[in-house]
Amino acid sequence: MAKNMAIGIDLGTTYSCVGVFQHGKVEIIANDQGNRTTPSYVAFTDTERLIGDAAKNQVALNPQNTVFDAKRLIGRKFGDPVVQSDMKHWPFRVINDGDKPKVQVSYKGETKAFYPEEISSMVLTKMKEIAEAYLGHPVTNAVITVPAYFNDSQRQATKDAGVIAGLNVLRIINEPTAAAIAYGLDRTGKGERNVLIFDLGGGTFDVSILTIDDGIFEVKATAGDTHLGGEDFDNRLVNHFVEEFKRKHKKDISQNKRAVRRLRTACERAKRTLSSSTQASLEIDSLFEGIDFYTSITRARFEELCSDLFRSTLEPVEKALRDAKLDKAQIHDLVLVGGSTRIPKVQKLLQDFFNGRDLNKSINPDEAVAYGAAVQAAILMGDKSENVQDLLLLDVAPLSLGLETAGGVMTALIKRNSTIPTKQTQIFTTYSDNQPGVLIQVYEGERAMTRDNNLLGRFELSGIPPAPRGVPQIEVTFDIDANGILNVTATDKSTGKANKITITNDKGRLSKEEIERMVQEAEKYKAEDEVQRERVSAKNALESYAFNMKSAVEDEGLKGKISEADKKKVLDKCQEVISWLDANTLAEKDEFEHKRKELEQVCNPIISRLYQGAGGPGAGGFGAQGPKGGSGSGPTIEEVD
């Protein structure tokens, strides 16, 4: 069965994405860079052909021979006004071959010309290989998506590209239809439904209105702007910072291609950050003539820079409604597609236009189309699993998420492979007396010690009222939403003071390979980790016992119940152990255990005499596990069991 699996491919203008339906759910497949979307770029050099990330990464060095936007050419005539106007903006050459456009490049020292279908087929081949690498066997069957407004020749040309790539194209389906399938809107079974798909991608903006009745999809209207997308928002940011650089440093970087390219990459990253944070910082070393460019931008400023572009997205929505002869109150579902729909302002404008209606956005917007294509592919291959009949979307956290407790121990709140969205809360406390604050350091990874894991971010919770160690209660909450965005909040229960950090699933975090490597390494290191964990645990137990004994015999309530000689004996021994601990933080587990036995031999007889005399507070009740003590600079947190 597994061998004749079918994949779903979203062949995008700027990015493509591939998914497969297996084990009862859709899996969006990451490429060798760990990215779940792959640039629709093909580059030709003196020595090789590059596709995807590798092609996009070298575009600044090789602009004439790096081809993108093939989707704007496919199935069109050379004389088409669209082709003529687009040609003005491309760094690569487009030539006329019998009124068919061809892209001319230099490859291995020769001049070559390729049809758009050939360029698209190279991207499709890449997507096919990404799926094969993941599934571990050859894949031939595929469903490929196209915009709803594609005409027959554009559809046929896309199918041809699939054939050139060695695919058996089961069906070409509309992108908005795929998105609606992804959300299972064809299975609500409530009679006819009108669905508006708002698709704002990297280079294009499409609005489609579909009517779904009993599993039948009908496109009622399409509208949009073939030249509006994420790249335009990047351009606004680039222009803004070019001007800022002029003001700050009296230099114009706009003619330096490499500087502008580096600035653009930083702007794209800042734009993504601003979807989940209200501010983003850019740090570009030696951007131009050795000048470092460090700056920041707020979400409000970004929204202002792009306000006319954002507002212009509503015009096609109104046009599509008019064409479909529908009133906005007659739309049942609103679906967001395309990475740019993550921008909060875009969501708000659409939501306000529809009088506060909820938006369907639980599936990653860049992945919704490939997701639906994968479901359609499974159906066409005759997949009978009931999940295809009623599909439920469940994403998972790929790595454990937690924080550092005393001694550098990784304390996981969200275990790997937990389904998201999810929320976990745990109580921690202070590690030293009168500690004024705690440093919350958030890590991801599978190792026992945080130094072997990946630091995602840190923040401090200060203003904790003075109290003995172990008394304050700090509630830490890890909350991941459906987009994989993590919010960590720490609250001091006594004062209600809180602080938080938001960590977005920036694709630059860890690739699938790194996750695999971490998991495999974790197996290998498990034994070492276990030894280390036991060592820290033994150290903490000893330290805890020594401090507890010390405070027990110093307790005012014991005055007169314990002889000064006994008290001195306990205090001296405790002090000796505490000093030894400071000098031997890296001792082995059995040394810590041996020291603890020594200390117990001194303390136990005295404590038991005390009990026979009075039944005072027992030191044993302090829990051998004790606080997760340890070295390390700055305020630390420990876990309360």
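Every residue number used here counts from 1 along the chain in the order it is shown.
The backbone N, Cα and C atoms fix where each Cβ goes, and this holds for glycine too.
Some features that Swiss-Prot has for this protein:
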| type | residues | note |
| --- | --- | --- |
| MOD_RES | Lys77 | N6-acetyllysine |
| MOD_RES | Lys108 | N6-acetyllysine |
| MOD_RES | Lys246 | N6-acetyllysine |
| MOD_RES | Lys348 | N6-acetyllysine |
| MOD_RES | Arg469 | omega-N-methylarginine |
| MOD_RES | Lys561 | N6,N6,N6-trimethyllysine |
| COMPBIAS | 617-633 | compositional bias 'Gly residues' |
| REGION | 617-641 | region 'Disordered' |
| MOD_RES | Thr636 | phosphothreonine |
Assigned conformation of Lys348 (N6-acetyllysine) - DSSP reduced to three states:
helix
Tell me the Cα distance separating Lys348 (N6-acetyllysine) from Lys246 (N6-acetyllysine), rounded to the nearest angstrom.
34
Taking the Cβ of Lys108 (N6-acetyllysine) as the centre, count every other Cβ atom within 10 Å, in any protein chain shown.
11
Return only the integer: C-alpha distance in Å from Lys108 (N6-acetyllysine) to Lys348 (N6-acetyllysine).
50
Which of the modified residues Lys77, Lys348, Arg469 has its Cα nearest to the Cα of Lys561 (N6,N6,N6-trimethyllysine)?
Arg469
Pairwise Cα distance for Arg469 (omega-N-methylarginine)/Lys348 (N6-acetyllysine) [Å, integer]:
46
Need the DSSP three-state call for Arg469 (omega-N-methylarginine) to compare against my parser.
coil
C-alpha of Lys348 (N6-acetyllysine) to C-alpha of Lys77 (N6-acetyllysine): distance in Å?
39
Could you say which of the modified residues Lys77, Lys246, Lys348, Arg469, Lys561 has its Cβ with the most other Cβ atoms inside 10 Å?
Arg469
Structural state of Lys77 (N6-acetyllysine), classified by DSSP into three states:
coil
